[in-house]
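Annotated features, as they stand in TrEMBL:
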type	residues	note
TRANSMEM	100-124	transmembrane segment
DOMAIN	102-510	domain 'Major facilitator superfamily (MFS) profile'
TRANSMEM	136-156	transmembrane segment
TRANSMEM	168-186	transmembrane segment
TRANSMEM	192-216	transmembrane segment
TRANSMEM	228-250	transmembrane segment
TRANSMEM	256-275	transmembrane segment
TRANSMEM	324-344	transmembrane segment
TRANSMEM	364-385	transmembrane segment
TRANSMEM	397-416	transmembrane segment
TRANSMEM	422-442	transmembrane segment
TRANSMEM	454-478	transmembrane segment
TRANSMEM	484-505	transmembrane segment
Amino acid sequence: MEAIGFTNKIQPHSSSFSNTHFGLIKFRKTHSGFEPKIPKKWKSLSLFGGEREKRLLKEEVFLKRDFSVKCRAEGIERGLMVGGGRSEERRELMVVAERFKVVALMACVMCLCNADRVVMSVAIVPLAAKHGWSNAFLGIVQSSFLWGYIFSSVIGGALVDKYGGKKVIAWGAALWSLSTLLTPWAANHSTISLLAIRAFFGLAEGVALPSMNTLLSRWFPCHERATAVGISMGGFHLGNVVGLVLTPLFMTSIGISGPFILFSSLGLLWLTSWISQVTNDPKESNSITKAELRLIQAGKSDSPTLQKGELPPLRLLLSKMPTWAIIFANVTNNWGYFVLLSWMPVYFKTVFNVNLKQAAWFSAVPWGTMAISGYVAGAASDFLIKAGYSLTFVRKVMQSIGFIGPGLALLCLNFAKTPEVASVLITLALSFSAFSQAGFLLNMQDIAPQYAGFLHGISNSAGTLAAIISTIGTGFFVQWLGSFQAFLTLTACLYFVTAIFWNIYATGERVF
C-alpha cells in the first residue's frame, strides 16, 4: 500500500515520499531540463484492473512537467547574467536579456542629454567673443535652459504616468536634438531667438529623468532597479566628460556649429534604435523570453496607469510627510550639485589661481568618478535588498551617505591648501552624492508607483528652483564676503539638516 501513496500534489518534504519513492525515481537529461524516468515495472503493474497503471502514468506526466519546468526556470534565473545550463540551454542563456538592452539604450540617451547641456557651456565663450556679449548676458543665456526645464518636469512626469516612458522620452530626445541643431543658427539670428531656443531645449530635456525612473521600474524587478538606475545615471554623468572632451575638438576642426551638429545627429540615430527595440512594459515586448518576463514580474508589483481624463491627486501627495522628504532631498541634492557644476572652474581659478585649461581638467575628473560611484551605490543597494534588509532601511542608508558624505567633504574643502587636495575633496563630494540615486530618486516608485512620474516632476521642479537660487546665491556670497567658505559651509549644513529630516520621515513602504 506504500507504493500507491502518490497523489496529484507531490510533497517533496514529506518523510514517507522521501524514504519510499524518491530513491526509485531516476532523472534523464533532455533539451528542456531534467525529466524523471519512471521505472517500467510501475507501468506494468495492474493489481486493480488497470487503475494503478493509469494513475502511475498520470504521475509520470506530472513529474515530467513539474521537474522539467522547475529545473529550466531555476537554471535560467541562475544563469541570466553569466550563462548557465548546458548544450542548447547554455546557448539560449548566452543571449542578452531584453531588460539589459533597455538600460543600455537608456544610459546612451542620458549621456546625450547631459552632453547637449555641456556643449553650450563650452561654446558660449567663442559665441560671446563673436557677438560681444557681456558677463551679465552670459548668465542669462546659461539660465535660460532652466526656464523651460522647471516647467516640463511636472508636465513630463504626468505624461509619463499616463502614456509611459517610451513615447515621452522619444519625443523629448527628438525635440532637444532639434533644439541643439538650431542653437548656432538662433545665436546668429538674434538674442531673442537664442533665449527662446534654449528655453525650448530645457522644456524638452525636463522629461528625461521622470521617463527613465518610470520605465526602469517597469522593466526591472525591485532587487535590480537600483543597479539599473545607477547604470543610466552613470551615462548621465559621463555626458559631462563626453561634452567637455569632444566639444573643443569639433569646434577647432569644424567650427562653432560642429559639436551641435554632432550631438543632434547622435540623438536622432539613438531615436531609431529606441523606437524599434523598446516597449513601455516588458509584457508588450515580442522579444522577451517567458523566463525573463516571469523573473521581472515576480520581483515587482504592478501599478495601474492613470485613466483618461484623470488628474494626479496633488493635494493627497502633498499631505504626506514621505512626499516632503523626497522634495527636500531633491532640493538639497540639486542645490549642492549645481553649485559644484557651475562654480568649480571659477573656484579653482579664484582660490588657487589655476588657468582655465587646468581648471577644466580639475573640473572634469569628478564627473567620471561620480558615474562609477553611482553604479556602486546601485549594486550595494540591490545587494542589501537581496540580503533581506527592508526597503526603508536601504533607502535611508543610501541617502544618508549621499548627504553626510558631501557635507563633510565641503567642510574639509574650506581647509584645502592646494588645487590637488581641493580636487580630491570635490571628487569625494560628488562621488558620495551619487548615492542619492539609490535613495530619494528610487523612493518615488516605492511610495507612489502609480504617480511616480508626477511626483518626480514636482520634486524636480522644486530642485530646479533651488539650483537657480544656489547658482546665483554663490556669486552674491563670494562678492559680498570675498571667499567661497561661507557658502560651502551653508551648503554643508543644508546637507546635514536634510539628512536628519530624511531619516525621520522617509519610508520604503507604499503610501499612495
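Here, residue 1 is simply the first one shown, and the rest follow in order.
Here the Cβ of each residue, glycine as well, is placed from N, Cα and C on the backbone.
Quantities reported herein were computed from a predicted structural model and do not represent experimental measurements.
When the stretches 136-156, 192-216, 324-344, 422-442 are ranked by Cβ pairs under 8 Å to the transmembrane segment (228-250), first place goes to 422-442. Counted as Cβ pairs under 8 Å, contacts with the transmembrane segment (397-416) are highest for 324-344 among 100-124, 192-216, 324-344, 454-478. By the Cβ criterion (under 8 Å, sequence separation of 6 or more), the transmembrane segment (168-186) is in contact with the transmembrane segment (256-275), since 3+ such pairs are found. Against the transmembrane segment (256-275), the recorded stretches 100-124, 192-216, 422-442, 454-478 differ in Cβ pairs under 8 Å, and the greatest number is found for 100-124. Model confidence over the domain 'Major facilitator superfamily (MFS) profile' (102-510) stands at 85, taken as the mean pLDDT rounded to a whole number. Outside the transmembrane segment (100-124) by six or more residues, the chain places 138, 141-142, 145, 169, 173, 176-177, 180, 183-184, 198, 201, 205, 208, 212, 215-216, 219-220, 228, 231-240, 242-244, 246-248, 251, 256, 259-260, 263-264, 266-267, 270, 273-274, 277-278 with a CB less than 8 A from a CB of the stretch. Beyond its flanks by at least six residues, the transmembrane segment (136-156) meets 117, 120-121, 124, 128, 168, 172, 191, 194-195, 198-207, 209-211, 342, 453-454, 456-458, 460-461, 464-465, 467-468, 471-472 of its own chain at Cβ-Cβ distances under 8 Å. Within the same chain, residues 102-103, 106, 109-110, 113, 116-117, 120, 140-141, 144-153, 155-157, 159-161, 164-166, 168-169, 171-173, 175-176, 179-180, 182-183, 185-186, 225, 228-229, 232, 278, 280, 441-442, 444-445, 452-453, 456-457, 460 sit at least 6 positions outside the transmembrane segment (192-216) and bring their C-beta atoms closer than 8 Å to a C-beta of that stretch. With a cut-off of 8 Å between Cβ atoms, the residues of this chain six or more beyond the transmembrane segment (454-478) that come close are 139, 143, 146, 149-151, 153-158, 161, 206, 209-210, 213-214, 312, 314, 317, 323, 326-327, 329-339, 342-343, 350, 440, 444, 447-448, 484, 486-487, 490-491. Long-range neighbours of the transmembrane segment (324-344) within the same chain, counting only residues 6 or more positions beyond its ends whose Cβ lies under 8 Å from a Cβ of the stretch, are 142, 318, 359, 362-363, 366, 399, 402-403, 406, 410, 426, 429-430, 433, 436, 439-440, 443-444, 447, 455, 458-460, 462-467, 469-471, 474, 484, 487, 491, 494-495, 498, 501-502, 504-506.
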